[in-house]
Amino acid sequence: VSFIRHTQTVVSEQELEMAMAPSKVVVLMAFMAAALSSVSMAAGLQHGFYYSSCPQAEDTVRNVVQGMINNDPTMGAAFVRLFFHDCFVRGCDASILLDPTTSNPQTEKTTIPLRGYDAVNKIKAAVEAVCSRVVSCADILAFAARDSIVASGGFNFHMPSGRLDGFRSIADEVFQGIPSPAFQLQELLDNFATKGLNAEDLVVLSGAHSFGLTHCNFVTPRLYPTVDPTMNATFAAALKKVCPPPRNGGGFISVSNNRVTDPNKLSNQFYHNVASGQVLFTSDQTLMDQTPTTGNKTAAMVTDNAANPIAWMARFAGAMVKMGGIEVLTRTDPGEVRKVCFATNNAS
């Protein structure tokens, strides 16, 4: 990943007040400025990319996203997850959104059931109604993820834009790029490193597991035939009531990532859950482990993020911007602005 331009981002008090006391807003602004000033934007991305060509773009996305989350609070996590999956496979190019075609029957979306595809199509239609063929689907995904954080987490930040949409989507690349929920710490670190992300990015972005849904088939390996000893026993017993043994079916039963507090609120609660053994995935609990290269560095980060919610918000914003620059296509690269998000402009 090429990060070549440093830009300090200023976040307004109006954007950040979101039910916070004024003193907390000021502190968050300071943390946010520090976190984002250290994040380099990928070549070709910039803040306010559409200010001239489509000044209504970001407001349109935000209004539609906010309405969707008001109607279904689980959609906030769905948009963030879509953005993560898009960026970790072929970079942030909206390849995750492409439907299968005669010439390419196995696209990324055929491998893992994700929510939000129809929602993104509706957002794109709303944007097309105000500015036709100007705003890419890759940028719409980035804006929708940011706006989900505003709605579900209560903090805001500027998301750079200027991405183009890619032409290809390959199913086999999903499992090469997306980290498995069964990964151990070193596997996670290696996976994130291939995307230009470090240990802090891993720990900070894992905080997104404070909200949203998963399925029992990702959880049952830690419950059966015996409970993972790192899982809280009371938590495991309650989880077994939701997720039956694999032989009994029920693998696609939905279960909340956060079963301790509000499952639709993005927050630093995730780190409290990790510390108490009340998380679903091996890839979450392993953040408390040690590796020969990092020692107990990630465990210390878990503790720090649990104790400092405002600092975590700022770090999360910075990590989202950094992730949003993975292998992007910009105006000098082969790409396009799709008319619809589920097909290239010359689909066959």
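Even glycines carry a Cβ here, placed using N, Cα and C.
Taken from TrEMBL, the feature active site, proton acceptor covers His85. Per TrEMBL, the feature Ca(2+) binding site maps to Asp86, Val89, Gly91, Asp93, Ser95, Glu108. According to TrEMBL, the substrate binding site annotation covers Pro179. According to TrEMBL, the domain 'Plant heme peroxidase family profile' annotation covers 44-345. The feature site 'Transition state stabilizer' is assigned by TrEMBL to Arg81. The transmembrane segment annotation in TrEMBL covers 25-45.
Annotated features taken from TrEMBL, shown on the structure.
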residue : record                             : contacts (Cβ under 8 Å, 6+ apart)
Arg81   : site 'Transition state stabilizer' : Leu114, Arg115, Gly116, Ala208, Gly212
His85   : active site, proton acceptor       : Ile96, Glu108, Ile112, Leu114, Val174, Ile178
Asp86   : Ca(2+) binding site                : Cys92, Asp93, Ala94, Ser95, Ile96, Leu97, Ala138, Leu141
Val89   : Ca(2+) binding site                : Ser95, Ile96, Glu108, Glu173, Val174, Gln176, Gly177, Ile178
Gly91   : Ca(2+) binding site                : Gly166, Ile326, Glu327, Val328, Leu329
Pro179  : substrate binding site             : Phe88, Glu187, Leu188, Asn191, Phe192, Ser283
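Report note: the Ca(2+) site is defined by Asp86, Val89, Gly91, Asp93, Ser95, Glu108, and the residues of the same chain whose CB lies within 8 Å of the CB centroid of those residues, excluding them, are His85, Cys87, Phe88, Arg90, Cys92, Ala94, Ile96, Gly166, Ser169.
Scoring each of the binding-site residues (Asp93, Glu108) by how many neighbouring Cβ atoms lie within 10 Å, the top position goes to Asp93. Take the CB of Ser95 (Ca(2+) binding site) and look out to 10 A: across all protein chains shown you find 25 other CB atoms.
This prediction places the mean pLDDT of the domain 'Plant heme peroxidase family profile' (44-345) at 96.
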